[in-house]
Structure formats: C-alpha cells, structure tokens
C-alpha cells in the first residue's frame, strides 16, 4: 500500500515530524499486512469451499466428508504456505 494509493500527498507527509512519519509508515505497513491476510483468507475459503462443497447445500451443517475435506484442505494450504515462507527466508539468509 503506497502513499499514493491512500491519496496522501508528499507535501502533507513533509509536514509531519519524524515520530509521526514513522508511526504512519508503521500503520500503513500493518494495514497492508492485514489486507494481505484477509485476501489470503478469502482465497483459502473460496478454494477449499469449491473443492469440498461442490453441490448445493442441503443441511445447515456440513456432512462428515465435507467437514473432513475442509479441515484437510486448510491444513494442506497452511503447510504449503509455511514451507514456502521457510524456503524464502532460507534464500534470503
């Protein structure tokens, strides 16, 4: 998330003292991270739901096979995400 995306003018940023500028940068970084987590959660939900609940919903509760499939799907997604991050961190060092 850049300052331009938030319609923050550089002239406005220059009016801030160093402490406020640092706090604003941290806030923007936190918001970007939150946005990425929300997007990843949405993607995961959509992917696993499409895979595990392909038909119409007949009951207010998932049946056992759908529940198991969703749990496995989420676990595999998180495993792959963890391994990817571990690999990228290894490449960085």
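Numbering starts at 1 and runs along the chain as displayed.
A Cβ is built for glycine as well, from the same backbone N, Cα and C atoms used for every other residue.
Pulled from Swiss-Prot, these are the features on record:
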| type | residues | note |
| --- | --- | --- |
| MOTIF | 48-73 | motif 'Twin CX3C motif' |
| DISULFID | 48-73 | disulfide bond |
| DISULFID | 52-69 | disulfide bond |
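Sequence features annotated in Swiss-Prot and their locations in the structure.
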| residue | record | Cβ neighbours (10 Å) |
| --- | --- | --- |
| 48 | disulfide bond | 18 |
| 52 | disulfide bond | 18 |
| 69 | disulfide bond | 18 |
| 73 | disulfide bond | 18 |
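Secondary structure at residue 73 (disulfide bond), as computed by DSSP, is helix. The separation of residue 73 (disulfide bond) from residue 52 (disulfide bond), Cα to Cα, is 8 Å.
For the pair residue 69 (disulfide bond) and residue 48 (disulfide bond), the C-alpha distance works out to 8 angstrom. In this structure, residue 52 (disulfide bond) is part of a helix by DSSP.
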